[in-house]
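**Student:** Mind looking over this structure? Questions follow.
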Amino acid sequence: MRRCCEAAGLRCLFKGVPMAGARQPRFLLVFDFDETIVDENSDDSVVRGRALPEELRQSPRQGSYNEHMQRVFAFLGEQGLRSGDFRALYENIPLSPGMAELFQFLSKHHELFEVILISDANTFGIEAKLRAAGIRSLFRKVFSNPAGFDRRGFLTLGPYHSHKCLQCPANMCKRKILTEYLAERAREEVEFQCVFYVGDGANDFCPSGTLTEADVAFPRKGYPMHRLIQESREKQPGAFQAAVVPWESAAEVARYLQELLKRKC
């Protein structure tokens, strides 16, 4: 059973130097990407200002959004966009308010936090943005839809996996990814005292439902994840077990984590 900051011998770590006996991370911090780390939907960012054909202008009401973006990327390739063009587009997407401050905090306390990213965007765009922002090294794993360039130089996109969850899009269930990751780390004898989940979308509600009373969900205020948590608590009090800390600026997440360390370290 994970319990937040209760393990004996928990130490505060400073200047990036781990103290003896405190090498394993104490907390798992899970991030979404679109409208969480970055302040836009990256799929919207790459098509902004471009004249798409009628069949690609709207997100599909039926069928797979992942397959829709495959068609969008193919069209953009036909229009001449290549690796460097896409890289520049992703690199220039702005970070969400306060996100730089949050990552500065995580960099300072990196021995305490294991950080992963689970996103229904794509690996190429995420890797480009994280590296441009100088934060790629903070992430132990990035889980997203595979993307790369074919012989024509077109950006191609695939589904992440298949699953049986009825709440999630066919190409990705974040609950499945998070559950399997925690099981994998447990087999490696890494047990987290708390799991923190920072997200915004409806597809972040599904994995946050696996969190326990020891954990914390950080939904972006006013976004679908926040609304769905509120609705869940109204319909089924106690069903959503984690503490809930909504945020408008990610600096609020940093302050929450800082206060937690002050109380427990």
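Positions of Cβ are set from backbone N, Cα and C atoms, glycine also.
Pulled from TrEMBL, these are the listed features:
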- Asp32: active site, nucleophile (ACT_SITE)
- Asp34: active site, proton donor (ACT_SITE)
- Asp32, Asp34, Asp200: Mg(2+) binding site (BINDING)
- Asp43, Asp120: substrate binding site (BINDING)
**Student:** Near Asp200 (Mg(2+) binding site) in space, meaning Cα within 10 angstroms, which of the recorded positions do we find among Asp32, Asp34, Asp43, Asp120?
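**Tutor:** Final answer, ordered: Asp32, Asp34.
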**Student:** Can you give me the Cα-Cα distance between Asp43 (substrate binding site) and the residue listed as 'active site, proton donor' in Å, rounded to a whole number?
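**Tutor:** Approximately 9 Å lies between the Cα of Asp43 (substrate binding site) and that of the residue listed as 'active site, proton donor'.
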**Student:** Whose Cβ lies within 8 Å of the mean position of the Cβ atoms of Asp32, Asp34, Asp200, the Mg(2+) site, other than those residues?
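**Tutor:** Close Cβ neighbours, site residues excluded: Phe33, Glu35, Thr36, Ile37, Ser119, Gly199, Gly201, Asp204, Arg220, Tyr223.
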**Student:** Non-local Cβ contacts of Asp32 (active site, nucleophile) (under 8 Å, 6 or more apart, same chain)?
**Tutor:** Leu117, Ile118, Ser119, Val198, Gly199, Asp200, Gly201, Asp204
**Student:** Expressed to the nearest Å, what is the distance separating Asp120 (substrate binding site) and the residue listed as 'active site, proton donor' at their Cα atoms?
**Tutor:** 8
**Student:** So which one is it: of the recorded positions Asp34, Asp43, which has the fewest other Cβ atoms within 10 Å?
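**Tutor:** Fewest other Cβ atoms within 10 Å, among the recorded positions Asp34, Asp43, is found for Asp43.
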**Student:** Including all protein chains displayed, how many Cβ atoms other than that of Asp120 (substrate binding site) lie within 10 Å of its Cβ?
**Tutor:** 25
**Student:** How many other Cβ atoms sit within 10 Å of the Cβ of Asp200 (Mg(2+) binding site)?
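**Tutor:** Within a 10 Å radius of the Cβ of Asp200 (Mg(2+) binding site) lie 24 other Cβ atoms.
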